[in-house]
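Feature annotations, reproduced from TrEMBL:
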ACT_SITE  103  active site, proton donor
ACT_SITE  248  active site
ACT_SITE  342  active site, proton donor
ACT_SITE  360  active site
BINDING   446  Ca(2+) binding site
DOMAIN    617-706  domain 'PA'
REGION    731-752  region 'Disordered'
COMPBIAS  737-752  compositional bias 'Polar residues'
């Protein structure tokens, strides 16, 4: 790629940043985040509660604080000075709000510290920021003291949440949760140590070091792995171990704490963990979670997108080959799905389709380009830029993608998008001489805030590591040094391409065009269901697999291949279908009539609602529900009875959901079919995303359906329960006292 081409892309990145940041400042500031579809700010308490996601919002202009040092990296120095003035004058930290200790530390405290370092640097020449009197550092110190009560625990591991005004006392609404993720407790040392060394107050670094000591002591000694969730007072809650969500930045901060602070204890611990990761978790190019106590067995067959940071960490460690391998796998997944899904399977299919504009893949791309100088990674970065513009850009910023399979947007633009994504992309396409700072003088925090490596020369304000437990000394040649490319790959200047070539057909291999003739099926029967009943799955072209077999984790699996035939027939794995029930509870049935029903792979998951759904049944009109529902007023608030056939299950469900039905019972149109003689199957979607369908859905064969329709004809008003299993009603209990769970209008259930 020529310098001119790089310059064009760099200018494009600046324009994209201006669009995103400008939209936040125009439509959202001083709110914490921008809602890019609504073109307004997200203010906690004024929008529907999103649960833990909202605990990063503290009414402290999160996006502005998180973006401050990005403005300097992008050489927007006037905007930086203006933004610092706003951050100092407009924002307060003593809000009565419960926030995540982890998120507040990495986003807000890290943002304040990175911005202070930049402001101090710009002030020195005497041209800019001459009014600045360390206000950001004072705010950082105030915030640090507001986070400190979280560390008042029996172990030294912090509570996961804290009230900014009241701490963790009883009235604070914090201090009740005792389970925290490993990354949450182990991702404090960079910010807290920097705060201690810049402010002279040792208490911050001391607490962060103690938390790391506890996690180290509680590692599984046989495997040297840690779990995902730990109780701050005693033991592990979730013992699965990986490098993605829940653990990721714990490993990152051990390595970076050594770089920032110069304490070799952190490097020694990292090396112990890294050896275990490469022994048990790394199955190139995959990184699969294992059980910390039994690490030879993978505990799940999917990976989450947060592990995309790991190739970048491997670059810092000097282990380039596995970094290149995993990064190439991730790139192949992005080419197949446009973005990295939040989770994807070992066969690179979507497991969870959401994409939140996460920056980890761009981060690793930047690190690999810095290490190799291979222009291939510039092309990868260019593809990121193009896809963001093509599939995430909206009039008021950039919007997350609800499902990569449909491209439907979600009304959120998280602050890390501005803090990290544009920083890494801009650096990727910039020459060192084009930057206002020497980027090699800084360590990136997990939120890409810049802390100077000169802090390692600052006298520690605390006693350092107090843990006397011996750390194994590694004899690995590169455990304490970073090897050169010539050492790793002698006489092979194209080593990165050589490694990548082994994975270029990971998600698809060239195949000759072959016509695929689908079997004929009965008129009105859904094709996917017909094939399913034959033990055949039909998968979309971009997920389909034909052919070439490849060893992964010791087992053979199919590798996707485009055939040009619109789909691919593949023998489905034997699947156990767990039956549901329809239980008639109104008089005269009173729960004694129970019908065996088939479940659906979409809609509300009844297995998660043991009390099921209660409602009165009503026939939809038309009975097949393949056209507009004529009796929508009557259907509203009822469980609709629908005849199978003429259109897809998902299409019927959507129409009835729009009409206001609270559930759907599909009845087979093949006369005489019954659950005793006909194998149950799970209803499947229509090939598109079915995340929008929230109703509980069940299927009755013809004979069971006839019982239901006869009851309705005889009694007019029939109440039923849709349940994952039969419920025994107590004597004297009628339908009015049966507990039930109505589907919440905002809840989403994803098919596997």
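For all residues, glycine too, the Cβ spot is worked out from N, Cα and C.
Reported as a whole number, the C-alpha separation between residue 103 (active site, proton donor) and the residue listed as 'Ca(2+) binding site' equals 11 Å. Helix, strand and coil residue tallies for the domain 'PA' (617-706), in that order: 20 helix, 18 strand, 52 coil [DSSP]. Within the same chain, residues at least six positions away from residue 360 (active site) with a Cβ under 8 Å of its Cβ are 305, 306, 307, 308, 309, 312. In the three-state DSSP assignment, the secondary structure recorded for residue 360 (active site) is helix. Within 10 Å of the C-beta atom of residue 103 (active site, proton donor) sit 23 other C-beta atoms, taking all shown protein chains into account. Cα to Cα, residue 342 (active site, proton donor) and residue 248 (active site) are separated by 15 Å. If you average pLDDT over the domain 'PA' (617-706) in this model, you get 90. Within the same chain, residues at least 6 positions away in sequence whose Cβ sits under 8 Å from that of residue 446 (Ca(2+) binding site) are 106, 187, 190, 248, 249, 252, 253, 309.
Ranking the active-site residues 248, 342 by other CB atoms within 10 A of the CB puts 342 at the bottom.
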